[in-house]
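Encoded as structure tokens, the structure appears first; notes follow it.
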Amino acid sequence: WEFNGSFYQPSAFLLMGIPGLEALHHWISIPFCALYLIALSGNCMILFIIKKTQSLHEPMYYFLSMLAVTDLGLVLCTLPTTLGIFWFNMRRIGFDACLTQMYFIHILSFIESSVLLAMAFDRFIAISHPLRHPSILTKTTVIKIGLAILLRGMVSLLPIPFLLKRLTYCGKTELSHSFCFHPDIMNLACTDIKVNVFYGMIILLSTVGTDFIFIVLSYILIIKTVISLATKEECLKALNTCVSHICAVLVFFIPMIGLSMTHRFGKNVPPLVNTLVAYTYLIIPPALNPIIYSIKSSHIREALLRALQKKSD
């Protein structure tokens, strides 16, 4: 503990594995390792295929590349501490290291939300204005959107670590997860956390909340456009291009909303439920997204088969 007058700050926090199942951590690590391996290999494969296939150098797949990079970042942020607990019972994490991990987890989550919004915008332009799509979403425009997404996440979350460092902590230092999460850390403080709660809520609503609203609006406009198409076949073909994105949106937003609700309002929720929702939020989307796009996107699937054929030759 660091002491400075009435100001107390722990030198480290204690991370939590799966409550009540500590004796089974070695066995539980097997499915986690499988999910991490799928996420790492799947997203690397998506990036490799898009880079090597000239026909995939278009906005839809540029945004998919951004999603894959973000998912890789999320995996690499949580993998060391999660497997460290399951394999070696390494629960201790330094105070500054915890804030750093928390900052990058939240940044990458916000970036993923914004990338999903950009992908929804791309689908709306492609379906509603197919002839103008190449001129609206040029390569330069896509790069600018990517930089704006990155800057938005970094700037909006920059005050969070400093707001946590100003708090006084006392007594309990055990977190609820195998990673550091803003609501989890601030709830360990024994001083007024109204500023942290207010700022966290404002940032969440103005970024992820706004992204989700605009994604829903995009699909309302897409559905209106699709309904106006002449034939049923054209309607199904247009909607089929959105299935992968809709799945990615649901896989990301449902666990994220659930985790936010349990931290803010679920004081009576069992710790095991809270832990499982957190793992679902941070591990399942990076593992499922490459599978979803590999199954539903014929272009990705064909490029993957060509790559495998070249290796076998």
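Here the Cβ of each residue, glycine as well, is placed from N, Cα and C on the backbone.
All TrEMBL annotations are machine predictions without curation.
Outside the transmembrane segment (24-50) by six or more residues, the chain places 17-18, 56-57, 61-62, 64-65, 68-69, 71-72, 75, 79, 82-83, 85-87, 89, 279, 283-284, 286-287, 289-291, 293-294, 300, 303-304, 307 with a CB less than 8 A from a CB of the stretch. What TrEMBL records for 24-50 (among others) is transmembrane segment.
Under the heading domain 'G-protein coupled receptors family 1 profile', TrEMBL lists 42-293.
Under the heading transmembrane segment, TrEMBL lists 62-88 (among others).
Residues or ranges marked as transmembrane segment in TrEMBL: 100-121 (among others). Residues of the same chain lying 6 or more positions beyond the ends of the transmembrane segment (100-121) and with a Cβ under 8 Å from any Cβ of it are 60, 63-64, 66-67, 70-71, 73-74, 77-78, 81, 93, 145, 149-150, 152-154, 156-157, 160-161, 164, 179-182, 185, 207-208, 211-212, 214-215, 218-219, 245, 248-249, 252-253, 256, 282, 285.
Here TrEMBL flags 142-164 (among others) as transmembrane segment.
Feature annotation from TrEMBL assigns transmembrane segment to 197-223 (among others).
Per TrEMBL, the feature transmembrane segment maps to 235-256 (among others).
Among the features that TrEMBL reports, transmembrane segment is placed at 276-295 (among others).
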Same chain, outside the transmembrane segment (62-88) by at least 6, Cβ under 8 Å from its Cβ: which residues? 15-17, 25-26, 28-29, 32-33, 36, 39-40, 43-44, 46-47, 50-51, 101, 104-105, 108-109, 111-112, 115-116, 118-119, 122, 139, 142, 146, 149, 178-179, 248, 282-283, 285-286, 289-290, 293
Excluding the flanking five residues on each side, which residues at least 6 beyond the ends of the transmembrane segment (235-256) place their CB within less than 8 Å of a CB in that stretch? 67, 109, 112-113, 116, 119-120, 123, 126-127, 208, 212, 215, 219, 222, 225-227, 229, 277, 280-281, 284-285, 288-289, 292-293, 296-297
